[in-house]
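Colleague: Pasting in a structure now, in structure tokens, and then I'll have a few things to ask.
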Amino acid sequence: MTEILPNVLELKEEDRVFPLRDLVPEGTPLEIEIGCGSGRFIAANAAKRPEVRFLAVERMMERLRRCSKKAQQGALHNLTFVRVEAGRFVRELLPDACCQALYLFFPDPWPKRRHHKNRFFRQEMCDVLARILVPGGAFYMSTDHEDYFREVRDWLAADPRFEPIPALIRPEDEQTDFERLFLSKGDPIHDCAFRLKP
């Protein structure tokens, strides 16, 4: 693992351990965003809630440069960005019961059926969520892709380990770039949220 920019860590393929306990003091709540884009949502939350530790996963270097700049300008010491493949990060590198909330906003829908295997959230992700969320921890998703939304919502609704909770309504300063784009075009946005039963 290497710090490639201020507030940005890169995990290589050969990295088998993520030192979460070095980044998150014991007893500190942790929230994670998958695919943070320019970092609008996660940076706004880190500024508003300094008592929470935030991790944001992103692969694209140009986006990470913008994220790093936001974190520095806001002196957001409770926010770290991680450059790593998101599926591998949550499946293999996060410990059990470590996360209070996981956010997935406007993921790549891979709309063609033959590409669905590339989606971040496939049915087995229910097991991953049940493992990494603390009891009572929450998963939040927003997408403009109705089929993907219905699939995820139906899997979680059918899983007895989870229960639906109100979706997250984000104020303007927390809206992602994609969310702002879709809202400006009048496109429908689909939201769901589920809690891991205590």
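The backbone N, Cα and C atoms fix where each Cβ goes, and this holds for glycine too.
All annotation found in TrEMBL is predicted automatically rather than curated by experts.
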Colleague: In TrEMBL, Lys112, Thr176, Asp177, Phe178, Glu179 are given as binding substrate, so which of Asp22, Asp144, Asp147 is in that site too?
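Modeller: So the substrate site in TrEMBL includes Lys112, Thr176, Asp177, Phe178, Glu179 plus, from the candidates Asp22, Asp144, Asp147, Asp144.
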Colleague: Given that TrEMBL lists Glu58, Glu85, Asp108 as binding S-adenosyl-L-methionine, which residue among Glu26, Glu31, Glu33 does it place in the same site?
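Modeller: So, going by the record in TrEMBL, that would be Glu33.
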Colleague: Please identify, from the binding-site residues Glu33, Asp108, Asp177, the residue with the sparsest Cβ neighbourhood, meaning fewest other Cβ atoms within 10 angstroms.
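Modeller: Comparing Cβ neighbours within 10 Å for the binding-site residues Glu33, Asp108, Asp177, Asp108 has the fewest.
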Colleague: In the three-state scheme derived from DSSP, which category covers Asp177 (substrate binding site)?
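Modeller: Looking at the DSSP assignment, Asp177 (substrate binding site) belongs to a helix.
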Colleague: For the recorded S-adenosyl-L-methionine site formed by Glu33, Glu58, Glu85, Asp108, name the remaining residues of the chain with Cβ within 8 Å of the site's Cβ center, in chain order.
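Modeller: Once Glu33, Glu58, Glu85, Asp108 are set aside, the remaining close residues are Ile34, Gly35, Cys36, Val57, Arg59, Ala86, Pro107, Phe120.
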Colleague: Distance check, please: Cα of Phe178 (substrate binding site) against Cα of Asp108 (S-adenosyl-L-methionine binding site), rounded to an integer number of angstrom.
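Modeller: Phe178 (substrate binding site) and Asp108 (S-adenosyl-L-methionine binding site) have their Cα atoms 11 Å apart.
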